[in-house]
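Per TrEMBL, disulfide bond is recorded for Cys167-Cys244, Cys188-Cys227, Cys216-Cys239, Cys278-Cys317, Cys356-Cys433, Cys377-Cys416, Cys405-Cys428. As annotated by TrEMBL, domain 'Apple' applies to 1-80. Annotation comment: TrEMBL describes 84-163, 166-244, 256-333, 355-433 as domain 'Kringle'.
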Amino acid sequence: GDILDDYLRTDGVWILTRNKQFYKTNNEKECAEKCEAERNFNCRAFLFTRKKLQCLTLAENAKMTVTFNSTDAVLYEKKIYLLQCKKGIGKDYRGTEAKTRRGIPCQKWAEKTPHNPNYTPEKHPSAGLDENYCRNPDGDESGPWCYTTDPATRFDYCNIPECESQCMQCNGEDYHGEVSRTESGLECQRWDAQEPHMHGFTLKHFPEKDLKMNYCRNPDGELRPWCFTTSPTKRWEYCNIPHCTIHPPVSGLGSQCLSGKGEDYRGRIAITESGNACQHWNTQFPHRHGWIPDRYPCKGLEENYCRNPDGEKRPWCYTTSSIRWEYCAIPHCDGTEQGIVGMSNAPVQVSLSEECYRGKGQSYRGTTSITASGKKCQAWNSMFPHRHEKTPDRFPNADLRDNYCRNPDGDNSPWCFTTDPSMTWEYCNLKRCDDHTQE
């Protein structure tokens, strides 16, 4: 296969790294070959710039350091260093588990205390003996292990999940396994309990999400299954459930027209309803976002085609203009035109009471869902990308519908949580009704 198949690609991202080497290469494949041949350090990723044809091999990946925007750069991360499960005896396990099955921290492979090791990075340079991560350099039948920091215990095995056992497809929305501990080892809170954490994820409100016992689930389109924890100081955490290596059969090609909310739309329209071109999903310019195709393999985020990965009203895309995102005009499967502004010549009049608010806006019931800086609002019943307690359940009189701007808590004006992971909430793009500049 292609050498790049072993890497996870993200466009428009640069990562800050201490250990790196510069090379001049003609393309990404040549850069990958430099990464494979790197002898100065364990190459976990590489950066390639298209204009300068510059290649940087890196000792760190995005899990280990900070990332920021860089229009021309493409980041390739070795998948083996992102995988947190083992295949067979785990001889090629390169995850970051660093404690034994009894919870004792591992000793660094390069150190000689409290135990003098037989297996060191110098003696076994290709065994991945980095830091104090669990490894299996000797092909032990019981799987990855490490020297421990307990002087009384020379070594012990690590608790690494098997890749094919309890695995998940896509982002684990259909995961029905029985893992009930978070990735840091905390026990999950039962879904039908409201202690120690109150929440709106009940079987009554999400009957189709299989919220059984205290098993890890993904009811809200997160990156992977999660749960509320039984620790009062940690509200929620992801669970460590590996991806299945055997993929399910692809069912159909997806719809080429709009039915329902268009979550299964896989057509090639790539322009918004106002005529703006769509931004490619695998780029972070001009708008930075979290919908990276490799992270959401089953959402159909190809090229710059309109899609509905988050259960919006209909397919949408980020635009290549200053407008962050817009809906797309997709023809209905039953042949009727989509009822949107701009499809008829008559301007649609929206009553002023719906476009402005009175007082602090606690009575505002309009449909604005954009913040003052142009960010899209997060749906009130969603916990992604921000987990919160302002749910329709807890504020039944606040009309917390869809992702419309509201003021459930008596703030200065209507607001919402945003879909930008870096900004939790913001006031909305609304004026007070007594502000004449609005008219």
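Glycine is treated like the rest: Cβ placed from N, Cα and C.
Predicted, not measured: the structure shown is a model, and the values here were computed from it.
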- request: Any chance you could find the range in 1-80, 256-333, 355-433 with the most Cβ pairs under 8 Å to the domain 'Kringle' (166-244)?
  value: 355-433
- prompt: Out of Cys278, Cys317, Cys428, which of these disulfide-bonded residues is nearest Cys167 (disulfide bond) by C-alpha distance?
  reply: Cys317
Query: How does the domain 'Kringle' (256-333) divide up by DSSP, counting helix, then strand, then coil residues?
result: 0 helix, 16 strand, 62 coil
- prompt: Cα within 10 Å of Cys227 (disulfide bond): which of the disulfide-bonded residues Cys216, Cys239, Cys244, Cys278, Cys317, Cys416 qualify?
  reply: Cys216, Cys239
- request: For Cys317 (disulfide bond), write down the residues of its own chain that are at least 6 apart in sequence and whose Cβ falls under 8 Å from its Cβ; none is a fine answer.
  value: Ala270, Thr272, Cys278, Gln279, Trp281, Asn304, Tyr305, Cys306, Arg307, Trp325, Glu326, Cys328
Message: Distance check, please: Cα of Cys405 (disulfide bond) against Cα of Cys416 (disulfide bond), rounded to an integer number of angstrom.
response: 5
Task: Note the mean pLDDT of the domain 'Kringle' (355-433), expressed as a whole number.
output: 88
- prompt: What is the nearest of the disulfide-bonded residues Cys188, Cys244, Cys377, Cys416 to Cys433 (disulfide bond), using the Cα of each?
  reply: Cys416
Query: Between the disulfide-bonded residues Cys167, Cys405, whose Cβ has more other Cβ atoms within 10 Å than any of the rest?
result: Cys405
- prompt: DSSP helix, strand and coil counts for the domain 'Kringle' (166-244)?
  reply: 3 helix, 13 strand, 63 coil
Query: Hey, how far is Cys216 (disulfide bond) from Cys188 (disulfide bond), Cα to Cα, in Å?
result: 7
Statement: Within 10 Å of Cys188 (disulfide bond) (Cα basis), scanning disulfide-bonded residues Cys239, Cys356, Cys377, Cys416, Cys428, I find Cys239
Message: Nearest of the disulfide-bonded residues to Cys244 (disulfide bond) by CA-CA distance, picking from Cys356, Cys377, Cys416, Cys428?
response: Cys377
